[in-house]
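Single-structure report; data block below.
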Amino acid sequence: MKRPVFGLFSVCAVFLVWTLLSAPWGSSYPLDGGTDSPQLRFVEEFDRFRLGFSWHNMSCAVCKAIFATLDIALLSDSNMERVAHALGEACVRLHLAEAQVCREITELFRNDVILALQESFLWPSEACALLVGPTCGHFDIYAPWNVSLPQVPKPPVKPPKPPKEGSAQSRILFLTDIHWDAQYAEGSLVDCKMPLCCRNDSGRASWKQTGAGYWGTYGDCDLPLRTVENLLQNVAKSGPWDWVYWTGDIPAHNVWSQTRAQQLNELVTITRLIHKHLGPNVTVYPAVGNHESTPVNSFPPPFVHGNRSSRWLYDTMAEEWAPWLPEDALETIRRGGFYTVEVERGLRVVSLNMNFCARENYWLMVNSTDPADQLQWLIHILQVSENKGEKVHIIGHIPPGLCLSSWSWNYYHIVNRYESTITGQFFGHTHVDEFQMFYDEDTLTRPLSVAFIAPSVTTFVNLNPGYRVYYVDGNYPGSSRMVLDHETFILNLTLANNQPSKPDPSPSWTLLYRASKAYGLSTLFPSDMDTLIKVMKNDDRVFQLFWYLFHKGHVSEPCTDTCKTSLICLLHSGRHDLVTQCDVLHGDKHSVRKTMC
């Protein structure tokens, strides 16, 4: 029997305000204390703005009374609209954001969130548990679940060996988090009142203020199209490329005012620019980011049909990506935004829709158990590849350690089982240069895989634009297909915008570092990256170099003490419950996270 609708809109209201606060910044890292409850993130974000407000101040009885009143108000559509209006006004009065942002994002999210929650199964005590805490009830929407692995024994593990000198290598271009802002305006305010600045509506900078630069700006700003196109022109000259991985987040961070038409226009524009500059002979393997949809993070599972489904987005992706992908890959894109394809003989890529693991995707409140059966599908692909002796690269947007706990645990389990098949993991989303380690499940001491997390193209927040190049063991019999090295290139905005007193018409994207040279590594195998973490623990000089490169060469604050300990802990943590231990053990919420997107 379906549970009562009691409390649904009130939870919806909380979620809307929570999304308002968290979405523009992307909320890269998981909650403290090992919970997936949006309530804690909501309170954290209030603390971030120093409003001195806490839902813990509300009693359980008052909470339930308020929710009951709101439910009565939702007996008609008109009342639903009035309640949504009231929510927007409350957002304004609490000074959670500018009035325009409050009202527009409330209207944008209202229908989708209500529909998702009407399909969910919430008891009144669960609704108030979100707000007040576990003393007012138990919130168990994200209950534990397990995937099923085949009854095929795991093959004996053979540690990878560095390739012989002169062996073939594959050179892979990696692009992520472009975040093109069509409203970017040179000379506009960098420090404006909105969540995203450097735009036409940000106001013009006076002589006392910092104005947005021609090629981009350090601050809460995304990129003009000319910078994206300049990057593509430069990488076209820097080829040849064996292939390209592109892990999403095309639109800007103006999440309160986006439309489907705008999102699709940006998807089409950037896809065609990549095709134009890289040419028809370079294959691009894309993955969907959390910003591709509107509302942001809204990715209903395939059982949601009609206008609320993601077909509007997936169909356009399939159409635009058809020059790069075979028909069977386009089929699964249309169904769930993920696919697999053979890159070349002996190597397969799997592109995952990581939005089905994201706690910000409120559709998972309906059912978070392996949405779209994606992980079960992944297991099938990996088993077939293992049987054939293929190696597999996995690409996606959100790193697995930042996912919902059960999804993350199952993924970690899959990587453990197929460690000899999965030879590369490549993600983005955080905008900074980092990685997450995977260890054997028995002891959590033997390194067996690395999720490489590449820095963003965009400047958001306070970064140089950048891109990554991976060097992978190449196409020859017995190749490990593992990452041997990588390079990061940046556009130094200080130089590009002022050369000497006006923007450089042809700025240079320069090499920031090559990993093997910077860290003294022969390869980037899991054992090498584990060794690097141990070195950083003991040698602060190496850690501070990592911290500088972490920000793409533009860092304003040092990372010491708790910040250093927390970041090193995060590098160890390819699984959600391991990530949360970093906060529990070290108790620091903001020293690392505040630089994240």
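Every residue number used here counts from 1 along the chain in the order it is shown.
For all residues, glycine too, the Cβ spot is worked out from N, Cα and C.
Here is what TrEMBL records for this protein:
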{"type": "BINDING", "residues": "ASP249, ASN290, HIS397, HIS429", "note": "Zn(2+) 2 binding site"}
{"type": "DISULFID", "residues": "CYS60-CYS136", "note": "disulfide bond"}
{"type": "DISULFID", "residues": "CYS63-CYS128", "note": "disulfide bond"}
{"type": "DISULFID", "residues": "CYS91-CYS102", "note": "disulfide bond"}
{"type": "DISULFID", "residues": "CYS192-CYS197", "note": "disulfide bond"}
{"type": "DISULFID", "residues": "CYS198-CYS221", "note": "disulfide bond"}
{"type": "DISULFID", "residues": "CYS357-CYS403", "note": "disulfide bond"}
{"type": "DISULFID", "residues": "CYS559-CYS563", "note": "disulfide bond"}
{"type": "DOMAIN", "residues": "56-140", "note": "domain 'Saposin B-type'"}
{"type": "SIGNAL", "residues": "1-28", "note": "signal peptide"}
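Geometry remark: CYS559 (disulfide bond) versus HIS429 (Zn(2+) 2 binding site), CA distance 21 Å. Comparing C-alpha positions, CYS136 (disulfide bond) sits nearest to ASN290 among the recorded positions CYS192, CYS198, ASN290, HIS429. Of all the disulfide-bonded residues listed here (CYS60, CYS102, CYS192, CYS197), CYS197 has the Cα closest to the Cα of HIS397 (Zn(2+) 2 binding site). Geometry remark: HIS429 (Zn(2+) 2 binding site) versus CYS403 (disulfide bond), CA distance 12 Å. Scoring each of the disulfide-bonded residues (CYS60, CYS198, CYS559) by how many neighbouring Cβ atoms lie within 10 Å, the top position goes to CYS198. In sequence order, THR176, ASP177, ILE178, HIS179, GLY289, ASN290, HIS291, GLU292, HIS397, GLY428, HIS429, SER456 are the residues of the chain that are 6 or more apart from ASP249 (Zn(2+) 2 binding site) and have a CB within less than 8 Å of its CB. CYS357 (disulfide bond) has a Cβ environment of 29 other Cβ atoms inside 10 Å.
In this structure, the CA atom of CYS198 (disulfide bond) is 8 Å away from the CA atom of CYS192 (disulfide bond).
For CYS403 (disulfide bond), the spatially nearest entry among the disulfide-bonded residues CYS102, CYS197, CYS221, CYS563 is CYS563, judged by CA separation. Around CYS221 (disulfide bond), the C-beta neighbours below 8 angstroms that are at least 6 residues distant in the chain are ASP181, TYR184, VAL190, LEU196, CYS197, CYS198, ARG199, ALA212, THR459, PHE460.
Checked against CYS102 (disulfide bond), the disulfide-bonded residues CYS60, CYS192, CYS357 differ in C-alpha distance, with CYS192 being the nearest. Each residue contributes its Cα atom, and for CYS563 (disulfide bond) and CYS60 (disulfide bond) these two points are 36 Å apart. All protein chains shown were included, and the count of other CB atoms within 10 Å of the CB of CYS197 (disulfide bond) stands at 26. Using a 10 Å Cβ-Cβ cutoff, ASN290 (Zn(2+) 2 binding site) registers 23 neighbours. On a Cα basis, CYS357 (disulfide bond) lies 33 Å away from CYS192 (disulfide bond).
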